[in-house]
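These notes concern the structure reproduced below.
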Amino acid sequence: MLFSCRSKAKLLALTLLLLSAATWLYLSVGETEYGQSLGPVAPRFSATPSFQMELEIRLREAKEENRRLRQQLGEVRNEEQSTGGGTEGDNSSHCEHRSLTEKCELIHVAIVCAGHNSSRDVVTLVKSILFHRRNPLHLHLITDDVALRVLGNLFNTWMVPSLQISFYNASELKPDVAWIPNKHYSGIYGLLKLTLTKALPSDLSKVIVLDTDITFATDIAELWAIFKKFTGEQVLGLVENQSDWYLGNLWKNHKPWPALGRGFNTGVILLLLDKLRLIGWEEMWRLTAERELMNMLSTSLADQDIFNAVIKSSPTLVYQLPCYWNVQLSDHTRSEQCYSELADLKVIHWNSPHKLRVKNKHVELFRTLYLTFLEYDGSLLRRELIGCPSEGEQQGGSQATLSQLDEEDPCYDFRRESVASHRVHLSFLPHLTPPPDPYDVTLVAQLSMDRLQMLELICRHWEGPMSLALYLSDAEAQQFLRYAQASEVLQSRTNIGYHVVYKEGQLYPVNLLRNVALKNSHTPYVFLSDIDFLPMYGLYEYLRKSIAQQDPAGSPRALIVPAFETLRYRLSFPKSKADLLSMLDTGALYTFRYHVWEKGHAPTDYAKWRTATTPYRVEWAPDFEPYVVVRRDCPEYDQRFLGFGWNKVSHIMELDAQEYELVVLPNAFIVHMPHAPSFDISKFRSSENYRLCVQALKEEFHQDLSRRYGSAALKYLTAERNR
């Protein structure tokens, strides 16, 4: 009777242990016969030459037997690796050797990703792969326009070493599958995996194909190594389906597509692309689909139905992967038969429409594993840990800039963080692009987690489009997602773009956040506000009318919206300018920062505004920092200014240098709501070095302004010296 690989391994290991113990006992007894133990510090009596020779011979024999048993144990493990995969009853990964993949072999992974939600899901999948991987990766992403914009920017700012990204336009592949009726919730994108032999480069010979709802619990190189086990006509590596779907017994009159036994799940696929092309894969799946659709009328599980119909007709095409490479958490799963302990898990597949809410007796364990990567700091994955050459395109210029900085500089933190690369996830939640309108305006602002409560309030005051940059950690981003999905107010809005900038460093990158929100607005005009301000009711329509009254051929204008503030957390918000003036007179409202930074808004000329009925022009003055409406193509904010101090002042100065007219709107206002001091303003007030660094950055900004605008910028230097 032949032993299984596991039995052989256990027997040899036990034999090796017993032999070692016997050798030790023999030597101990031999020494004890001469009245001496083998203690390392005790003096030894001289043994007779014949006994010593016999002892050495037996010791050499024991060592040789030990070596031989170790060699046999290794051979059993190698034999196990070459024969253990792909058997239906193999539910444990203990006997599987680690990857045979070469250390720096490039692993190719293909993923179909479309829309805002799928773009979020794929990030968690990629994190789990990157966390475990030890090889360079090349991701092939088949995307729609939304996912291309979101993921293209995310990976460009993520800058992970030894990671290449290629994008493929899903629109060019849709005609190949659009004729197939599909009832699956993934829609037409759930069929695109059928087209990968056409979509991917012709010189790419093999690829791992993954759904976006996959989580890896091991090194993907182990899965890649299984390609070497393919033999004969095998071109597809798949795990058996772990529900009774294809057996047709889930409910009365259930008629599934044809499948081999339980069928196979296509959440994880190994594709031998070169062989698939040789056997005419495109024609094969198309003819099979046409034949089956005559009876089935539509697919229920998208591409999976067609893959299974092909395998039913040609079973030699499939290599059955061990089930732990796709532990399926569907509504009718039997996946618990696939693992006995955590070490058995390789890949978790959340293939139920209910996702994390699926019913499974071990779902808490799986959910914890998933949440680990969902909230994992993606910046940590930038570190080069695999010892393979990185692709040049993933190395940002910021690294070269950082290496040139002087770490002894008292302002080193400011300079380092001003050039740091932050991961940016655009359009974190679904939203619609506003229809073209020459007078439309987007409210632009930035915030951190502690200002999240302002979102619903602003939504009640501003009905127009918004572009908001949120500075969050990976974990906070998920808290924001849950908050937004639970808010009826936010869910009712489809014209708000939320753009997550992930935390990096200690200083708040306020101007980077403003630039992200500014560049990702989609209207001709923007209202550059801050999150702590509530717009007056009707401000959106008033600004549109004010923009329409401008002379399009005239000089560029910055329309100033006067700012006020209240110290009361509960405020009866003014419904008109008359109400606001009354509240000013009673002390319920004040002009913004009149008591701590009066010159920041004094040039607005509040006395004139009280009685103004038409827009009026004002002149620039030092430290002026109003909130303005400008064209979207205005100058960006200077990102050297971080935290507190001069971040808006520098922007208004540049608008003036570009000869923008500063015009105050007579019937517009915003009100600043009270909040606790930010961390950065506290540091500005308490740290002399912080203030000195802000001053140094101001001087450098003045010099740069002079270089760009020449003599026109002299007045700013003069004003600075006369302060």
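Backbone N, Cα and C atoms are what each Cβ position is placed from, and that goes for glycine too.
According to Swiss-Prot, the Mn(2+) 1 binding site annotation covers ASP211, ASP213. Around ASP211 (Mn(2+) 1 binding site), taking its Cβ as the centre, 25 other Cβ atoms fall within 10 Å, counting all chains.
ASP532 (Mn(2+) 2 binding site): 18 other CB atoms within 10 A of its CB, across all protein chains. Among the features that Swiss-Prot reports, Mn(2+) 2 binding site is placed at ASP530, ASP532.
What Swiss-Prot lists as N-linked glycosylation site is ASN91 (among others), and the listing cites sequence analysis.
Among the features that Swiss-Prot reports, N-linked glycosylation site is placed at ASN117 (among others). If you take the C-beta of ASN117 (N-linked glycosylation site) and look for same-chain residues 6 or more apart in sequence within under 8 angstroms, you find PRO430.
A 10 Å cutoff on Cβ-Cβ distances gives ASN169 (N-linked glycosylation site) a total of 13 other Cβ atoms nearby, all chains included. Per Swiss-Prot, the feature N-linked glycosylation site maps to ASN169 (among others); the stated evidence is sequence analysis.
The Cβ of ASN241 (N-linked glycosylation site) lies under 8 Å from the Cβ of ALA259, ARG262, GLY263, PHE264, ASN265, GLN328, each of which sits 6+ residues away along the same chain. The annotation N-linked glycosylation site is assigned in Swiss-Prot to ASN241 (among others).
Swiss-Prot lists 73-95 with the feature region 'Disordered'.
For 107-382, the entry in Swiss-Prot reads region 'Xylosyltransferase activity', with the evidence type similarity to another entry.
According to Swiss-Prot, the feature region 'Glucuronyltransferase activity' maps to 383-723, an assignment based on similarity to another entry.
Confidence for the topological domain 'Cytoplasmic' (1-10), expressed as mean pLDDT, is 49. According to Swiss-Prot, the topological domain 'Cytoplasmic' annotation covers 1-10.
The topological domain 'Lumenal' annotation in Swiss-Prot covers 32-723, and the record cites sequence analysis as its basis.
Positions annotated as transmembrane segment by Swiss-Prot, on the basis of sequence analysis: 11-31.
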By Cα geometry, the one of the recorded positions (ASN169, ASP211, ASP213) nearest ASP532 (Mn(2+) 2 binding site) is ASP213
Integer Å value for the Cα distance linking ASP213 (Mn(2+) 1 binding site) with ASN169 (N-linked glycosylation site) is 21
Same chain, |i - j| six or more, Cβ under 8 Å of ASP530 (Mn(2+) 2 binding site); the result in sequence order is ALA445, GLN446, TYR627, HIS672
